[in-house]
Structures are given as structure tokens and as C-alpha cells.
């Protein structure tokens, strides 16, 4: 290893999106390899609005592997981080940086220590798949740093070892994670069904009901469901295989009514499995249920689905509108039913693609107060408003997969390898 005595630092920075499953992954047949009991399908969300940025660095001056998440140092000793690190280090190749005059041999990677900094631009551990983006970015960035030859499909099998849903964040657009049949998990990988441009009419509105960490982690919840729920096996064997075929067809044909019905039904069944678990798991709350009711009433009044809803392991609603016009009508309804409290300003209550507010006809907080009730609310039923039940809304769309960022986007100091 050249320049052993010099304090050089080599860094790579990557950005990876999160994803939301429309056919859910819930339950593992192997806890160590993280092998699922069913296939799943997801939509990758635009990383301009929801993503993880990770900088990985290596230097002979580093004394130990260290990691910082959202500015706070965390332990890298966890099994999932270590599984990914071992897999990537075993596949590392020679690296040469001609500008810095640095050569790292394949055998040197085992000796060199790493510094890693990661930042989520959305709530961590609140049911917005932050672990998916985080572990996918961890693997993608390390693979680039260590000059791996593996493609994203092969990297997805490594990311899966860190977080199951992370394997789906290595692609943009619509992604399928195959459960596989091999005991060693070699065929349990993700691949892209269609890119983000395939169905670019879709608009996604996320209602962040709670940014707090959930009481029951996904890992614990899955274990409990597999041990105690009778519904989960029926779901995995009888229901999901048919829905996977139907969802693939709906995505290929851009058939929104079928897409919406499948997404809503699968979300509801996933949460039914959680309720069928002993002790029961409550990821959704009253606000989640109110949002479902709002969407269902609207869809029924029109006669065909305008919006799909799906909830991961948390109370936050991911609402998928068939086009921008419908998305504006959706946000209009959401702002009517879930107006902000007086502490909010519009700029922080609706984030992401704020241009949709122009379509809604809302320019300030007073405009929200004057919104009329949606037409599906009957005249004889008073319109209920739930002020403060939603923390904020994120407007986004299907997005691209992971990318490398220039050095200017690094989270670590290029001289010291410590957080900026």
C-alpha cells in the first residue's frame, strides 16, 4: 500500500432513494440471510425529496471503523452493518488514484479502517423506509469506494443482508424483489420492472402523521407475525403470488384502477396480519384511519379509484394519485381535513414539490381556512377537521436510483475524514 505513512483520505459520496412497497414484504424464512417469505414490488421515490446521502472514506490514519448518522456517532458493530461490510470487503478490488498517487491492493482493504457519515432528509425509523435508503446507500457507496465489479442486481443481494427492503432502493422506478428458492439466498435479488419515466403521470403525497420512532420495529414485528399469525402463511402462499402477477400487469399497462385496488388491498392485508399477530401490532393510528376513510369515500363517489393509499410499518400515509390534476384535488382534501396548527407556516407544512400548491389554489395559511368541503361530504353531515393531526406533507413522484455525488457534496472533511 503506497504512502502508508501519509495521512491520505480517499472518499466516495452517494445518494440513494427510499422506496415504498405496493405489494408488501412482511416475514422472513431466514433471519440471518434476510430471505423473505414472498416476493414484493415497490415504487422508488424521487431522491430530490426523500433520500439518504452517505460518504464513505478510507485512510491508513483511521484507527477504527466509525459511523455518524444524522450528525450523531453510532455503533458499526451491529450484525447488519457487519454482514454488508464483510460481503463488500471480500469482493473488493485493487484501487488506484493517480492524482493522489495512491494504490490500494485487494488484500489491503481488510486492514484499512473506514469512516462513514450518513444523512437522511426524512424521518428515521418512522415508517418511511429510512433503513432501506440507508443500507442501500451504505452498500452502493462502499462498493464504489472498494471498486467492486458487481452490478446493482448483485449489490442488491448484499444490501438485502442489511435491510430487506434496501435491495429495492438500488433501482429507480418500479422494482421487484424476488424471494428466491436457494437456501443460500443467491437468487433473492431485486430488479427493475420499469424505470421512473415509464409512468411519469403519477404524483405521490406523503402525510407524515408521526416522525417519532415506532414502538415495534419491523424486525421484531415480522418475527412475532411469523410465529403467531395464521393469516401470514395464507397471505404468502395464496394471496401474494397472484397479486404480484396482477401488479406487474397493471404497471406494464399503466392501469391505474387495478394498480390502486391492489395497492390498497395489500396494504390493508399487511396491517391485518399485524393485528392477527400476538400481541397485536398497531402501526397505524386514528389519523391513518381517517386518511383511509377520506380516500375511500372519494374513490367510491367517483366510481373509479383516483388515489391509492399504502402504509408501511408506521402511521404515515403514502398516497399515489393517478395524475397531477388528481394530486391537486387530493392535497386540497387533505388540507381541508387536516389543516395545520397556528404554529405552522405553509412553507414547512407542504414540502417537496411545492409547485402543486399553485394547482391547489393555496398561497398562504388563510387560503387553507377558506377551502370548501369536498363534494363527497353530504350536506347533512358536518365536516370534521383534525387540526394538527398531520405533521406535514411531502409532495413527490417516482424517481431514479442511486447516483454518485461530486466531492462538494461530501459529508466528511477530505483532509481528516471526520464530519464537516
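Placement of Cβ uses the backbone N, Cα and C atoms for every residue, glycine included.
Under the heading (R)-5-diphosphomevalonate binding site, Swiss-Prot lists 25, 26, 27, 28, 80, 163, 164, 165, 166, 167, 168, 219. In the three-state DSSP reading, residue 166 ((R)-5-diphosphomevalonate binding site) counts as helix.
The motif 'Peroxisomal targeting signal PTS2' annotation in Swiss-Prot covers 42-50. The average pLDDT computed over the motif 'Peroxisomal targeting signal PTS2' (42-50) stands at 96.
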How about long-range neighbours of the motif 'Peroxisomal targeting signal PTS2' (42-50): same chain, 6 or more residues beyond its ends, C-beta under 8 Å?
15-22, 121-122, 128, 133, 165, 168-169, 171-175, 177, 196, 202, 204, 206, 320, 351-353, 394-401, 403
How big is the (R)-5-diphosphomevalonate site in terms of the longest C-alpha to C-alpha distance among 25, 26, 27, 28, 80, 163, 164, 165, 166, 167, 168, 219, in angstrom?
18
Lowest local Cβ density among 27, 164, which the record lists as binding-site residues, within 10 Å:
27
Given the binding-site residues 80, 168, which one has the fewest other C-beta atoms within 10 angstroms of its C-beta?
80
